[in-house]
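*Asks:* Sharing the feature lines straight out of TrEMBL:
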type	residues	note
ACT_SITE	Asp407	active site
BINDING	Gln218, Lys234, Glu255, Ala338, Ala339, Met340, Leu341, Glu412, Asp427	ATP binding site
BINDING	Glu255, Asp427	Mn(2+) binding site
COMPBIAS	56-77	compositional bias 'Polar residues'
DOMAIN	302-517	domain 'FAM20 C-terminal'
Amino acid sequence: MVKRSFGLPTRNIYLGLACLSLTLHLVLAFFCLSVLQTVCVLPSSLSSSSSVTGINAQHHQPFSSPASTSHKPPTSSVKDETHTVDPILTHLKEVRGPDALEALFNHPLYNLPQPELQEDDWLLKLKESKDVTDKGSEEESEEEALDDSQWQSASQEEGYDRATWTSDTTTHPPWLRFHLGITRWELYNRKDPTLVQLTHYLATQQILGAVQKTGGTQLKLIMSFPNYGQALLKPMRQSRDAETDVNLFYFSDFERHNAEIAAFHLDRILGFNRIPPVVGRLINVTTEIREITTDHRLSRTFFTSPVGNVCFYGQCEYYCSTEHPLCGRPHELEVSLAAMLPDLELAPRRSWRSPWRRAYSRTKLAQWEKDPVYCDTVKQTPPYNQGTRLVDLIDMAVLDYLMGNMDRHHYETFEKFGNETFLLHLDNGRGFGRHSRDEPSILAPLQQCCRIRRSTLLRLRLLSRSGFRLSDMMRTSLAQDPLAAVAPLLSELHLSALDRRLATVLQMVQTCQNQHDDVIYHDTEGYDKEYDQQPD
């Protein structure tokens, strides 16, 4: 057998042919992939129409409101009698992040026309010089005029600002502008820049005083600031992800600082605007409470834990003991700070016992838990027999159900406005305790009365859609709070529970509509019916 041997030039030729073949195969493969990718991309017309069947359209242009552009959003050629597509919603549904929250608040449902405000529709009013009447000598009148038109602080000690406030609102601190902006119909105007200034003020201002708030079952502090503003403090007692023990009754549950913050954001996203602004903050329990407090009941409860953390517990009905201390790490403590409402001497409030108040007993049931037609009695009882009080209460029940708050025994209104006004959604610290269990009894007012505002229902439907999903809006809104830099204020499990509970509310309304005719309270007269859609 003859052994064949190849020379060097021959081997080089074979190697070159192999490399060329491999290169051609790679080029062919890349070409095929690019063709397939192009085929798989839907044309814009098909992409827009797919919104009816649940396919999300990809919009690459930035959001612009209908008022600022003549572009008409794409509409589907497929007509469905059950689902009416909101053209503005279709145009906005792919906006994400902070822009999505802005787009939500720009939606017509969040900009419904309000009744024209009359003089008596403002909670507080500054007296001006022209309002002063003659009550004595000319000199006395001039003195009263000066007193009514300007207020000058007399305190120069203890760190308080030396400021002059006049009838010009630009001289007022944010907390005073907030008070002066309260009307018969809402606690604040969402578009008012005072809201942003107030939350920034609560999160950054120097704290000059800290005393215990009287009343209530758990520890709360009133904090004072240099420009005479005050805030209500609720401290962090447990980790944000900790669920309430299933064996713990609602009336002995911990209050949570992050629940107060999240409740404010949820109330705003629902379009209610009935919870005072709340913001999270890290405080130093030594320098910002212990060293400045004049409350001896509070100061006596401070101690240093075995690991060197500064702790205190105050005096209250629940959880104020050495077994339930509030401890810094070693000095820093997370808290919520809520803007205080006007003093009761200036703006008295009336407390109302909720018709659906729980028995606050380990064995007894409330009347509404035993009587399925309990709402018929409520509807015949003032003030629920006329006006909006009943649907106001149902708004509050929806808010409480979404955050799992069972502790709504009373609510308040401003006395000045009588029965024609909104309800204050105060004290929400027992919300967001459990994400794994929904409490259907919170929705008893809706289930038994089968009544709901049209504007509330439409906003709930809007928040059930993919472009404005409630969990996404809450995640985006809560990310603006200072404590979000430490950790998310609500876990993903709590956020997903919001979507689940929202679907339950909408299903309950649908059940009511299948059984009754007079379910919707029409408060949106003149609003285009094309937005009155069912959820996707």
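Any Cβ shown, glycine's included, is placed from N, Cα and C.
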*Asks:* Can you work out the mean pLDDT of the predicted model over the domain 'FAM20 C-terminal' (302-517)?
*Replies:* 95
*Asks:* So if I measure Cβ to Cβ from Leu341 (ATP binding site) and keep only same-chain residues at least 6 apart in sequence, which ones fall under 8 Å?
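*Replies:* Counting only residues 6 or more apart in sequence, the Cβ neighbours of Leu341 (ATP binding site) under 8 Å are His179, Pro276, Ala347, Arg349, Leu424.
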*Asks:* Compare all C-alpha positions of Gln218, Lys234, Glu255, Ala338, Ala339, Met340, Leu341, Glu412, Asp427, the record's ATP binders, and send over the largest distance in angstrom.
*Replies:* 20
*Asks:* Just the number: how many Å between the Cα atoms of Gln218 (ATP binding site) and Asp407 (active site)?
*Replies:* 13
*Asks:* If one measures from the C-alpha of Glu255 (ATP binding site) to the C-alpha of Asp407 (active site), what distance in angstrom results, rounded to a whole number?
*Replies:* 10
*Asks:* Would you kindly give the Cα-Cα distance separating Asp427 (ATP binding site) and the residue listed as 'active site', rounded to the nearest Å?
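*Replies:* Answer for this pair: 9 Å between alpha carbons.
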*Asks:* Of Glu255, Asp407, Asp427, the recorded positions given in the record, which has the fewest other CB atoms within 10 A of its CB?
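*Replies:* Among the recorded positions Glu255, Asp407, Asp427, the lowest count of other Cβ atoms within 10 Å belongs to Asp407.
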*Asks:* My understanding is the cutoff is Cβ-Cβ under 8 Å with a sequence separation of 6 or more in the same chain; which residues meet that for Ala339 (ATP binding site)?
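*Replies:* In sequence order, Trp175, Phe178, Leu198, Leu202, Gly229, Ala231, Pro276, Pro277, Val278 meet the Cβ cut-off.
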